[in-house]
Amino acid sequence: MWQVLRSWSKRCLSPRGALAWAAQGQPRPPCSCAVASAASGGKDEYTFIVVGAGSAGCVLANRLTEDPNHRVLLLEAGPKDLLMGSKRLQWKIHMPAALVANLCDDKYNWYYHTEAQPGLDGRVLYWPRGRVWGGSSSLNAMVYIRGHAEDYNRWHRQGAEGWDYAHCLPYFRKAQKHELGANMYRGGDGPLHVSRGKTNHPLHQAFLQAARQAGYPFTEDMNGFQQEGFGWMDMTIHQGKRWSTASAYLRPALSRPNLRAEVQTLVSRVLFEGTRAVGVEYIKDGQSHKAYVSREVILSGGAINSPQLLMLSGVGNADDLKKLGIPVVCHLPGVGQNLQDHLEIYIQHACTQPITLHSAQKPLRKVCIGLEWLWRFTGDGATAHLETGGFIRSRPGVPHPDIQFHFLPSQVIDHGRKPTQQEAYQVHVGTMRATSVGWLKLRSTNPQDHPMINPNYLSTETDVEDFRQCVKLTREIFAQEAFAPFRGKELQPGSHVQSDKEIDAFVRAKADSAYHPSCTCKMGQPSDPTAVVDQQTRVIGVENLRVIDASIMPSVVSGNLNAPTIMIAEKAADVIKGCPALGDENVPVYKPQTLDTQR
């Protein structure tokens, strides 16, 4: 279904349903806080400058402007998530099923690529990242997964004191408004609408039944007591529309006179006086401008842009900066290091019944799906179709799940940039705590040049063995009786791939990013030479500068990254405002009865 509206005209008209919803937004009154520019010679100050209106930046813009004494400037390199020149929502972003349209389009997307990967047969991988209001929450598959409680306890052990599960859970709950209501794990009053998968599609039902037949439990809530098992996914979809952080946090704050939100604005460097951050320099409409702060500059550009901007500003490995002629403000060798991502592989089967999303690519069917969504926000356009999934342990002795599954009643080829070839279904499966760690470095001093990105995929034997398990365990699930009415031939990797050597070769040839880069501005103790920010999210070695986004994770979590990134921003906002930390939430968390078996 990801291919449904790739060929639709950008001049599509919006009927009453879409217009009525879009009209709920209110225009922002003019802000008196004029941005200082090189041309004017002015020096207007803001309390905070937030760089990046993405998953974290939108949260911060909202929470910081709750205090009317805070004047906040929010700078986004990309455009608004609205139709050009109007207040109407851009359907390409807000229609859940149209997500591939943005993965294929650099208008809202940084369109990064990695360096050639030796562990993946020398392939260069495509890394889409959001460049629009909402950031990657406006491009992603809308899957809301927090990870496992032990991910956050591990952060605490790695030096991010106060970021254990008991101290993070309250901020997951603060952000969330779950359609099923609040409990000890879920939030019920937050701005982020979260819904639960509810499709009756026979292939989703077969997937859940097959997992049970293979001996895995059903879990009622992957974000609650028990992550381990298979069940219905939570999604950031509300009333048939994508619910990004732009919808949840930014739009409600735009009417505040103490918030100025600029788009099409590329920040080129942080301005320093000595080691104190005093503002930023940015490019807009081809002109250089400067804006200044009385308190702090906050980088929320994500795991690629935030370390890139730090290095462009003179904060990073001094030897690397000197080679490019960048004056060193602070030698901080951890900047851009510790890069972690989730890798995944698609296991695909032909379907013997015409019930997959293949038919949705037919021109007339596309029109019908699009019109139903535009009119009512219902139908196949109102979901990304990744409504079931699961988490399991790869082998005995693993304490909590390290493999994740997303099921899709369709076939994905080249990130959805190529149409499906036939009736088919697939599982996205991958490991969640790889031991391979990468890096990113500046390619040049030009802020418009993408940095060198080296995830170092499959560089350890452990990671190769874990992916071998991913393939074998997925095949076992697909072989269960529940899929018998639908099971055609295995399309990928194909029945001819059987030996460990053949499976390894398949993984190296076909594995791809799950789009979860993180950890490049690691949070830790100031005494840790690899740390970039402290437990308060302050950049070590300088003043008045923070990083708040997925880059500060000490290690990648066991699941998708959007929910944890929003949590990080909520928690950091309280730190900045000096609010008392929300109370400990010591809730029960499932543990396997034995680690002697894999399930």
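Any Cβ shown, glycine's included, is placed from N, Cα and C.
Pulled from Swiss-Prot:
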ACT_SITE  H516  active site, proton acceptor
BINDING   47-79  FAD binding site
MOD_RES   K441  N6-succinyllysine
MOD_RES   K489  N6-succinyllysine
MOD_RES   K489  N6-acetyllysine
MOD_RES   K501  N6-succinyllysine
MOD_RES   K501  N6-acetyllysine
TRANSIT   1-34  transit peptide
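Structure coloured by features recorded in Swiss-Prot.
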residue: T47; record: FAD binding site; contacts (Cβ under 8 Å, 6+ apart): L64, N69, H70, R71, V72, V293, S294, R295
residue: G52; record: FAD binding site; contacts (Cβ under 8 Å, 6+ apart): L75, E76, A77, G135, L299, S300, G301, G302, N305, S306, D549
residue: G57; record: FAD binding site; contacts (Cβ under 8 Å, 6+ apart): V50, V51, L74, E76, G135, T245, I298, S300, G301, D549, A569
residue: D67; record: FAD binding site; contacts (Cβ under 8 Å, 6+ apart): K577
residue: K441; record: N6-succinyllysine; contacts (Cβ under 8 Å, 6+ apart): M311, D320, G336, P451, M452
residue: K489; record: N6-succinyllysine; contacts (Cβ under 8 Å, 6+ apart): H349, A350, S495
residue: K501; record: N6-succinyllysine; contacts (Cβ under 8 Å, 6+ apart): none
residue: H516; record: active site, proton acceptor; contacts (Cβ under 8 Å, 6+ apart): D341, H342, A550, V556, N560, L561
Hey, what's the Cβ neighbour count for A77 (FAD binding site) at 10 Å? 25
So, three-state DSSP: helix, strand or coil for A77 (FAD binding site)? coil
Can you check what DSSP calls K501 (N6-succinyllysine), collapsed to helix, strand or coil? helix
For N62 (FAD binding site), which residues in the same chain are close in space, meaning a Cβ under 8 Å from its Cβ, but six or more apart along the sequence? P191, Y249, L250, P252, A253
